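What follows is one structure encoded as structure tokens, with my remarks underneath.
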Amino acid sequence: MATLGAHKKHKVTIVGSGNWGTTMAKLVAENVTANPTLFEETVSVWVYEEDVTLPKESRHFDPGSELATKPQKLSELFNKLHENVKYLPGITLPTNVVANPDLVDSCKDSTILVFVLPHQFIPRVCDQLAGKIVPFARAICCTKGVDVGEKGIRLMSEAIGMRLNIYCGALSGANIATEIAQEKYSETTVAYDPPPMDSRAPTPNGSPNASMVDLISPSKPVPSERSARLKALPIEYPPLAHENVRKLFHRPYFHVRIVDDVAGVSLGGALKNIIALAAGFVDGLGWGDNAKAAVMRVGILEMVKFGKEFFPDSCKTSTFTEESCGVADVITSCMGGRNFRCAKMSTQRGESIYEIEQKELNGQKLQGTSTAYEVNSFLKQQGLESEFPLFTAVYNILEGNAKPQDLPELIEPKS
């Protein structure tokens, strides 16, 4: 969708370069090339700098090369080899993806920021970017988690929007990054509820309140606890209505459905990781598919209940039941996601999940464990732990207060 008067293009930055961040950079880079009237060609990727030794199994390994004999900067290898050799090895990235280890510089002049970071790093990264980005930038959060503080619970899309004073949507689905990077078919859900001040096209049903970041006008003197002071996207840029947001992410192998329920999409992505831990625990016990299905059923019910209880004005049950970010993501996460795999290995080996994380994830972080703690902290504040027995049981297993063998009793409804 082009708009009369639009003559500038959107510049895109991917904030994060792990397995999922690098995959996101690949597909976004392919799409900006396919849509040259909407987006600038170069996609910048912020890389947390670290020294990396090229592994012997790498296709780039040459015993006589300096690349193989001395530690190299990850960002330099990224740009030289067009591959993230640590977090997405074996996948060639488009040449228009450029790694930048300087966070602020990587986001300079970007009108679209795609956040793909472990959720515990979001506050610190946003604080470093505050006041240093384009004031009318828009964001999409691909990070799965929640932020709990004294004032309650916030979605990661909310946390980003409030800290940076920009509008932030969300992307989540049944998305195992490596499969997408290999261009195996999958689908996702993008929640983007265009701020009325931006939209020069019809906004979706439910706009704008479903975004969970209040779209207040600059004339309102006192923002609420859940608000961001937005600056309108200038008319010189193509509008970020659903059609153009879809063009940024949709690929023949990565199908995108757009909705306006930012809260539902964000919660689905966060809470399914707790369910995946529970599925991993019972699978590690060798209890089979029936047990796994039982904890998944209870977990999905708690996911829906959590959304209705704490985000009643914006969360739609249909998001959990009909979209990729809901039931489909739970199924995928409980079959092969990293939270499931690490919980299973933890039970099988009799080691803590934190030891497994250290040994198996190549420096990446589990999101399920930190989300389980955040959610439990919030439920404790509300005095509602007993209302969410699966979420509470996973927390207690992680804390050593219960064993995976106790799950059936812990999640059984109390008469």
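In case you wondered, yes, glycine gets a Cβ from its N, Cα and C as well.
Those TrEMBL annotations? Automatic predictions, nothing curated.
For 11-193, the entry in TrEMBL reads domain 'Glycerol-3-phosphate dehydrogenase NAD-dependent N-terminal'. Positions annotated as NAD(+) binding site by TrEMBL: Gly16, Ser17, Gly18, Asn19, Trp20, Gly21, Phe121, Ala177, Arg338, Lys365, Gln367. Residues or ranges marked as substrate binding site in TrEMBL: Lys144, Arg338, Asn339. Positions annotated as domain 'Glycerol-3-phosphate dehydrogenase NAD-dependent C-terminal' by TrEMBL: 261-407. Taken from TrEMBL, the feature active site, proton acceptor covers Lys272.
Geometry remark: Lys272 (active site, proton acceptor) versus Arg338 (NAD(+) binding site), CA distance 12 Å. For Phe121 (NAD(+) binding site) paired with Lys144 (substrate binding site), the C-alpha to C-alpha distance reads 12 Å. Close to the recorded substrate site, the chain also has Asn273, Ala276, Ser333, Gly337, Phe340, Leu366, Gln367, Gly368: residues not among Lys144, Arg338, Asn339 whose Cβ is within 8 Å of the site's Cβ mean position. Looking at the domain 'Glycerol-3-phosphate dehydrogenase NAD-dependent C-terminal' (261-407) alone, the prediction's average pLDDT is 94.
In this structure, Gln367 is the one among the binding-site residues Asn339, Gln367 with the smallest number of other Cβ atoms inside 10 Å of its Cβ. It is Trp20 that, of the binding-site residues Trp20, Phe121, has its Cβ surrounded by the most other Cβ atoms within 10 Å. With all protein chains in the displayed structure included, the most crowded Cβ environment within 10 Å among the recorded positions Lys144, Lys272, Arg338 is that of Lys272. Here the Cα atom of Gly16 (NAD(+) binding site) is found 20 Å from that of Asn339 (substrate binding site). Nearest neighbour of Lys144 (substrate binding site) by Cα distance, taken over the binding-site residues Trp20, Arg338, Gln367: Gln367.
The Cβ of Gly16 (NAD(+) binding site) has 26 neighbouring Cβ atoms from other residues within 10 Å, across all protein chains displayed. Residue environment of Gly18 (NAD(+) binding site) contains 23 other Cβ atoms, counted within 10 Å of its Cβ in all protein chains. Distance from the CA of Asn339 (substrate binding site) to the CA of Gln367 (NAD(+) binding site) is 7 Å.
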